[in-house]
Each structure stands twice: as C-alpha cells, then as structure tokens.
C-alpha cells in the first residue's frame, strides 16, 4: 500500500499472526531506513518523511492489538544484528522501531493505550515444520547471522530484505525457539520493551504515565476475585473492584516485601548470634520458614514471568543467591546435626554468614526507586560486564608470569606460595615482589618482577580504571533513561503474575499445602478454596491498605480546601475521581491520563500533522473558575503597574 508521496506501507488487516506482523513491519524498516541516524535526527528529520506515514497508517487503518509488541520485538531483533553491522544501520532501525511505537501510542485514547501496552501475547502452540522460505528466514533471523539479500515475505521475492536472511547459503531447521511468538510468549508490550532494552521508548512520558498508574494501583489487572475472573488491564474503580484485589498493587506488594525481608534479617541475625550447635532454636525454625516461603514465591514469579523477563530484573541474581546460600546452609546443617559433627556445624554457620552479602542489599532494593540509586544500578551492571571482559586479558598475563616464576622459584617457594605472592604484588604490594625477586632467581628474578609490576600496577590497573570510567560516563549521559528503565522493570516485575490468587510470603506456604488437593479436587473447587483462604488470612493487610487510601483521600481533600490551585496541579491525572476526559489522536504532547472513562477514537480528527495539539478535552468547572480568578488578578496587577508608570511619566514631565 502506498500513500501519495510516501513509502510503500505494509498491508495489515489485523488477522496476522505475531510473526507475520513482525515480518511485514521488518520489510518497511529495512527498505526505508538505510543510513545511520541518531535519535534526535530520527525525531526531527527522518520521522516526517519515513516513519510518520507508517504511524498514521497503523493508527488510523489497522486494529491489530500487538502492533506495539511487534515493533518492540523488531527492536530486539535489530539489536541482535548490531554485532554484524559495522555501519550502525541496525541500531538506527532499532531506534526507529522505538520511535514508531512511541508515536503510535500517542495517537490512541487512554483505554486503547493501556490495552495495547498491556496486551499479552498468547502462548504459541508448536507449529508444524514446513519448507517455506519464510520459516527458514525467520529462523535465520533469530540466529543473528544476517545479510541484506534474501526476501522476507511470501509473494515478495523481488523485495530485498536485510533483516531476516542468513549470511551463509544454508539456513537452519525451523524450530519453535526461533519464533518471535515463542520467544515473547506471555509478555506484554511493556515487558517486551524491558527485554529489548528499549530505553528510549520506556522513558517517554506517555509510557511512564501508564507505568506510574500500574505502580500506584490506578491501573489494575484484576478487578474481581471469582471463578470466572480474567486478567485485563483497566482503570481502578473503587465501587466495582474487590478490596482484596488491592493486594496486587505493586506499591503495596513492595511495601510488604520490605517488611518480609526485615523479619528475614532479624531471624538471620538471631540465628548467627545464638549459634546453637546441638539443637535447632525457634529463630532457626522461623528462618527456615522464611527461606522456604521466599524460595517458593521466587519460583512462582519465575514461572509467571518466564526466563526472558525474569533475567532482566537486576535483583533476580540476588534472589537466586539468597536461595542457593540458604539451601547450602540447610544441607550442611542437617548433615552436621545427623552426624554430630562440630566441624560441619561450624561450616554451616560460615555458609550462613555469606547470606548477608545477598540479604542486606536485597532489603535495600527499594532505593532503586530513587533517581540517584536507580541510575547507579545500571552503571554497576555495565561496569561489571566490562570488568569481567577485562579479566580475560589479566588472566592470560597472570598465568604466564605465574608459570614462569613457579619454575624459577622451584626449591625455594612452592607453586601455591609463589602464586599467593604474585596475587599480593598484583593488588599493590609491589615491594614484596622486589624483596623476593633475588630469592626467585638471582639473574632473571629482578627484571621479570620489574616487568610484572609495571604491567600490573601501572598498565593494567590504569587501563581498567580508564575503561570503567568511560563506561560510567556513557551510562550517566543517559541517566534519566537508565533510571526510568530500572523503575519500569521494578514495577513490571511486581505485576506480571497471571495467578488470580496471590499470597504474600510467608502466607504463601498455606497455598502450598493446598496443592496436593489438586489430585482429588476439581480446579474450580480448589480455586474457590484458595480465594476463601486468601480472604481469611489477608484481611489485616487489606484493612491496612484501605486505611492508607482513606487517609490519602482525606489528606487531599483537606489540602484542596486550603490550596485549591496547588491541589489541582498536584493530584494530576492519577487522582481519584478525576473527570472523564478523552485523549484524542495526534495528541502526543498530552500526558496519558490514568483516570476516568476514555472517549472514543476521534477518527475524524485532521491527520495532516503529528504535532497538532489535538482536540481539547472537557475541563472541570473548578478549573475554569480558578483560571478566571487568576486572569482577573493578573489583569488588576497589570492595571496597577500601568497607573504607576503613568504617574512616574507625569512627574518627570512636570520637572522638565
């Protein structure tokens, strides 16, 4: 399809599978983005010519619910192609996908934007292996060895596609694991953005409004607790929503998680301080309960989120460390008690001491919500990656010198002793190396030690510091994007569960006790039992949430009486009871409003410009009155100032 003077557009009728949709969009980006551009160039120069026709077509003439997910999955694909692209075109295409996805979202109403961003891809069924070139090319795409010659779509052999072809003549055997629908199965657009590292997309205000709404509970995925309840993102309605569904709000989940880790830490310190070697104390029993509850909850989160999204969370590594260390302690502790072995018991408590390395930072994970600490996390992550890569060069040099010195010092120092001396020299004790150089070898010892000290303490250490400094600078340059990306993952990690009933640890162990009933009880009755158990055990948490939300409403109502203007600005779009206000098309300068019932799509809106502010929504009477008062006050101030100026001019004329 072609609009007047625009590039060829893909034909999307809304019935395509996810893989077909990705392939159709891929052809468009490959054909129209053929030169490297920065993000600013794409926004200011390239967008109107190349991307705006596609965005307008997708927004006005297609109804596919997975458009944003497909664009972000394509961003992930182009990111994988960057390793074999020395021109930067793949990176530009990935940025173009992010830009198109963002602009598409700004053309939607509030409810449409939420539906699109929170639409989960279905679990893909295993497809039959065929000899179609589309399948071969799709599989070659996932392997990341790509060229720019083979066609992508059936019936479009004449079109050169640079995104899904293999550099070699052979293609791999079709497989489910090489399908986009399989790779991102069960994920929504926001989660795919996190997996694809689409930080430009996630940092846009329209997207952050939705993420903020999910975090605060203004956008909920579950509204009722019943046999036929389904997961669907929608605006929170206090009158219709079950109070127990507020347990799924990420803000409250993280608050209860902090309390859980605080109790975990208390039991941990008590066990280490008491260190009962022959018996198991009550605190140790509670520590086992907390550890089991945490491990079961983490396993459930991994099952719900999937390995693809679970690995994106920065804190998942610490969670795995907590569980692994706890299991090691439990195994050694049981062996020590059963054999009455004091040495094994001491070893068990030594292993438990290592738990603090993971548990203490994990309880402080809430600090990642702060912009400063949220920016430091990706800095540490990237610096750690570069450090591990750099260790390869260090290991090569170290093994060479270690072998040389071990044989030179044969008869004087054992290989283990020589190895320990070189480690001390490497970490700054250069004087120690010079002291033993003569003992290693009177002739070769001093010059070789001098070379080793220069390479390690001067060259390698300086190079490592420079490398890490450059990495830190690159990340800090995009501090806002890095922070918002960490924040988005933190929020989504707490809202990805597809389970209707969610038990807060350690009460989730009660649900674990019900699992054997699946063998003798129907799924419907077991679900009802879980709902009853949830309401019987979690009503204190729900009561605390209701009291907190009631206090918030009273606080805002009190402030509204004293500072109505400030209140109108402060409560923003997420305030309860905000008037219904549609978000029209072509309104990307407007923030998405996570409140009120959305208006219908305004298909009759003019489509000539993406920068038009769009139709004006309805405004509350209080806001109009406040604006009138402000205008009258400003008018009176201007009149007073004008009269003062006239008086000064009159006095000056009188003196003359």
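Glycine too: its Cβ is placed from the backbone N, Cα and C atoms.
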Which of these ranges is annotated region 'Disordered' in TrEMBL: 595-620, 621-646?
595-620
I'm validating the feature mapping. Which of 285-303, 342-360, 361-379 is tagged transmembrane segment in TrEMBL?
285-303
Identify the transmembrane segment range according to TrEMBL, selecting from 210-229, 230-249, 390-409, 410-429.
390-409
Give the nonlocal contacts of the transmembrane segment (315-336) in its own chain as ranges (CB under 8 Å, at least six residues past its ends).
277, 288, 291, 294-295, 298, 342-345, 347-349, 351-352, 354-355, 357-359, 361-362, 365, 368
